[in-house]
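One structure is given below, encoded as C-alpha cells.
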Amino acid sequence: MGSFLRSFRNNAGSTTPSVGAVPAKKEVPIPPMTPLEKRLLDMGSIRGDGSDKFYGMENYGNTCYCNSILQCLYYSVPFREAVINYPTRTPIESLEAALAKSLRYPNPNAHLEAEAQAEKQRAANAQRPGMPPAQPQKPEDKDSPDYKKKMALQTLPLLEAQNNATSYGMSESLFTSLKDIFESVVGSQSRIGIVRPQQFLDVLRRDHEMFRTAMHQDAHEFLNLLLNEVVANVEAEASKQPAAIEKSLPAPDHAETVDQSASSGSKTPNTTRWVHELFEGTLTSETQCLTCEKVSQRDEIFLDLSVDLEQHSSVTSCLRKFSAEEMLCERNKFHCDNCGGLQEAEKRMKIKRLPRILALHLKRFKYTEDLQRLQKLFHRVVYPYHLRLFNTTDDAEDPDRLYELYAVVVHIGGGPYHGHYVAIIKTEDRGWLLFDDELVEPVDKNYVRNFFGDKPGLACAYVLFYQETTLEAVMKEQEQENMESNLSATDTNEAALKPNGSSPSHLAHVHSASYIPSLEEHNRPNGLKRAPTAPQLSTHHEHGDPESGAFSPVTATPPVPPIPEHLSAAPIPPKSDVQGKKERAREEKERKAAEKEREKAEKLRRKEQEARAKENQRREEAELKAALEASKASKAQEDRRQSPDHGKDKLGGGLSRLKRGSKSFSQRLGKDKETRSVSSLEAPPLPIPGHPISRDGPIPEQHQQQPDPKDDPFQDSHHPNKPMMKEDEQANHKDPKHERTGHGKWRSFSLRKKSFSILS
C-alpha cells in the first residue's frame with residue numbers, strides 16, 4: 001500500500017509541470033479575425049465569376065499606382081468578363097496546374113515564431129559580457145496599416161500569377177499578364193489572399209522604359225497607358241490570327257458562366273473592340289465663325305476625361321467649365337474655310353457618345369510658372385454617388401444615361417513626385433472596401449466622402465470611376481440601404497430596452513409589431529424624390545439619408561402593453577407598397593420626360609430668338625453701311641458740281657497757298673495783329689461778282705496778312721503782262737481778302753454742317 005501511494009505521489013508530481021510548464025507544447029493562440037473575414041462569414045459557396053474574391057496586391061517599393069488601378073479594373077464586371085473571355089477562357093486543367101504552382105499557403109504561426117526568435121536574440125545579446133544593455137524597443141502599433149500589411153503577408157495565401165498565354169493561343173504581352181492575374185484570382189479556392197504581380201511588372205518594365213526606375217509614377221498615366229496597350233495587343237493578335245479569333249466561341253462547359261456574366265450586365269467580347277465599347281467616348285469640338293456664323297465640327301476619341309479644377313466646386317461645375325464657350329481671337333484666331341482666312345470664333349466641347357465606364361481624371365497637378373514645376377491642388381471638389389452628364393450634343397446617343405460611382409483612386413501626398421495611392425471600391429454585394437496594397441478592409445459608404453480635398457491631411461480623390469446603371473437599380477439599392485439601417489436601428493433599440501441583458505419574448509414581439517408602421521412611414525420619402533434633375537445621392541447628411549435618419553436608443557418608441565395576437569400580425573400590405581413605389585417611379589419617369597420636352601422646346605425657342613436677333617443686327621449694319629455710302633456719294637456729287645465754277649483758280653490758289661503756308665507760317669503769326677483782329681470781327685460780306693472765292697474750306701492764315709511782294713510771285717506788280725488796276729478798283733480790292741477769309745470760313749462751316757446732317 002505504501003509503495004502504491006508513493007508511486008501515486010510521484011506520478012502526481014510528475015504530471016503537474018507537464019500541464020503548464022512545457023512552453024513548446026503550449027497551444028498557439030489563434031489570431032483574431034480581421035474585419036474583412038467577419039464580413040465574409042455569411043457568404044455561401046464560391047462563385048465562378050470572381051465577384052466574391054477580395055485579394056490585396058503586394059507592393060514592390062513604388063508599385064501602389066499599379067495596384068490601385070488593377071483593383072479598380074478587376075471590380076468592373078464587364079471589363080473583368082471581357083478580359084477573361086478573350087480570346088477564350090483558359091482550360092480548367094491548365095488553370096488548375098498553374099494555380100498549384102502559384103498559390104502558396106504560408107505558416108499561420110510564422111509571425112509568432114518570428115517574434116519568439118527575435119525575443120531570444122535580444123535575450124542572448126543582453127547576457128553577453130561587455131555588451132551594453134539593449135534599449136527597450138517600442139511595441140508595434142497593431143492598428144497601424146504597416147503592421148496589418150505585414151500580418152497579411154505572413155498569414156494570408158499568396159498568389160503569384162504565372163505566364164499562361166500559350167494555353168489560350170497568344171504571345172506574352174501586357175494584356176496576357178493582366179488576363180493571367182484575373183484568371184488566377186477567379187479560379188482560386190480562397191476568397192481572400194494577396195496577389196504578387198511580379199510577372200505583370202516585369203512585362204511592363206520590359207516594354208516601357210519609364211517604369212524601370214524607382215521614381216514615383218502617376219496612376220492616371222498608367223491607366224491611360226494600360227488601356228491603350230490592351231487595345232494594341234488585342235488588335236495585333238487579331239490581325240495575326242483572324243480566323244482563330246472569329247471561331248473562338250464559348251465552349252459548352254462554361255456556358256453557365258457566360259449566362260451569369262450576361263445577367264450581370266457584361267458581354268462576352270465577340271470582336272476586338274470591346275475596350276472601345278466599354279471605355280471609349282466621343283468628344284465633339286464645335287467652332288462657330290463669328291464672321292459667317294458657320295459651325296464646323298471635329299470629333300475626338302477619349303478613354304478617360306480630364307477636367308480642370310476650381311476651389312469649392314463640384315464635378316458638375318467642372319464639367320460645365322469643360323464645355324464652356326472659348327473665344328478664339330488675336331493670336332489664337334480660327335482659320336475659317338468658308339471665309340478663307342483667320343477669323344474670330346467661339347469654340348466649345350461637348351460629348352457626342354457616352355462610354356459605359358466613365359473614368360474622370362481630376363487634374364490635381366498643375367504646372368506653376370513661379371515654381372517651375374508641378375504643384376498639387378488641394379481644392380475641394382465634391383463628387384456625387386450618381387451622375388448624369390448634361391454637356392452632350394443634340395444628337396447624342398442616350399443623353400440621359402445614369403452613372404453610379406463604383407471606384408475612387410486616392411492620392412496621399414503633398415506633391416506629384418511622391419506619395420501613395422489607394423483605391424476605394426464598391427463591390428457587388430459586400431459594400432465599399434479599401435484596397436491599400438496588401439491590406440483590404442471594409443469601410444462605410446460615408447468614408448468615400450472624406451476625399452473631396454478639404455479634410456485635414458494630404459488625401460484627395462484623383463481618378464473617379466463611374467459605370468452605367470438604371471433608375472430601378474438605384475431605387476432598389478436605396479431600399480436595401482434603408483432596410484439595413486432600419487434593422488440595425490431596431491437591434492440597437494432592442495438592446496437598449498433589455499433590462500440587464502435579458503428581454504421577455506412577449507415584449508420583443510409587441511415592440512416589433514408596434515414599430516413597423518412608424519419605420520415604413522419614416523422611409524416613405526426617399527432621396528430620389530428630393531433630387532429635381534437626377535437621382536443622385538447628396539454628398540452631405542440630409543434628412544432622408546439612411547445614416548442620418550437612423551433611430552437612436554434615446555428616440556426609440558417605448559414598449560407598450562401587450563396587444564392581441566391578431567393585431568400584432570397585421571403589417572402594412574407589401575403589395576400596395578410595391579405598387580405605390582412603381583406608380584411613383586412611373587410618375588417620376590413621366591415628369592422627367594415632360595421636363596425634357598419642355599427643355600427641348602425652350603432650347604428651340606432660344607435658338608429662334610438668337611437667329612432673329614442676329615438677323616436684325618445684320619439688317620441694321622447693312623442699313624448703316626448703305627447710309628454711309630449714300631453720304632459719301634452725295635459729298636462726291638456736290639464736290640463735282642462745285643468744281644467747274646472755279647476749278648483753275650481753286651487749283652492754282654490752293655497750291656500757292658500751301659506753298660506759302662509751309663514756307664513762312666511761323667513768321668507771319670506775329671505780323672499785323674491789329675489787322676487780323678479787325679478782319680476777324682467784321683461780318684462776312686457778300687462775295688464780289690467775278691471775284692474768285694474759295695469754297696472748299698477755310699483760307700489759310702497767311703491770307704489774312706499782307707504778303708511780302710518779294711515773296712509773293714502772284715502779286716500784280718510782278719506780272720508785267722497784266723494791266724495796272726485803278727484806284728477805285730484797288731479800293732474795292734482792299735477788302736476781298738477779308739471777304740474771302742470770312743466767306744471761306746462760313747462756307748466751310750456750312751459744308752461740314754451739311755455733311756454731319758447727312759451722316760446723322
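Residue 1 is the first one shown; counting continues down the chain.
Every residue gets a Cβ built from N, Cα and C, even glycine.
Look at Swiss-Prot and you will find 1-28 (among others) tagged as region 'Disordered'.
The compositional bias 'Polar residues' feature in Swiss-Prot is assigned to 8-18 (among others).
The feature domain 'USP' is assigned by Swiss-Prot to 55-469.
The active site, nucleophile annotation in Swiss-Prot covers Cys64. If you take the C-beta of Cys64 (active site, nucleophile) and look for same-chain residues 6 or more apart in sequence within under 8 angstroms, you find His420, Tyr421, Val422, Asp437.
Positions annotated as region 'Disordered' by Swiss-Prot: 114-146 (among others).
Sequence annotations record features per position, and here Swiss-Prot assigns region 'Disordered' to 242-270 (among others).
The compositional bias 'Polar residues' annotation in Swiss-Prot covers 258-270 (among others).
A simple way to gauge crowding: the CB of His420 (active site, proton acceptor) has 19 other CB atoms within 10 angstroms, across all the protein chains here. According to Swiss-Prot, the feature active site, proton acceptor maps to His420.
For 520-760 (among others), the entry in Swiss-Prot reads region 'Disordered'.
Per Swiss-Prot, coiled coil is recorded for 575-635.
The compositional bias 'Basic and acidic residues' feature in Swiss-Prot is assigned to 578-626 (among others). Helix first, then strand, then coil: DSSP counts for the compositional bias 'Basic and acidic residues' (578-626) stand at 49 helix, 0 strand, 0 coil.
The compositional bias 'Basic and acidic residues' feature in Swiss-Prot is assigned to 635-651 (among others).
Annotation source Swiss-Prot lists compositional bias 'Basic and acidic residues' at 708-742 (among others).
According to Swiss-Prot, the compositional bias 'Basic residues' annotation covers 743-760.
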Averaged pLDDT, computed only over the residues in the domain 'USP' (55-469): 85
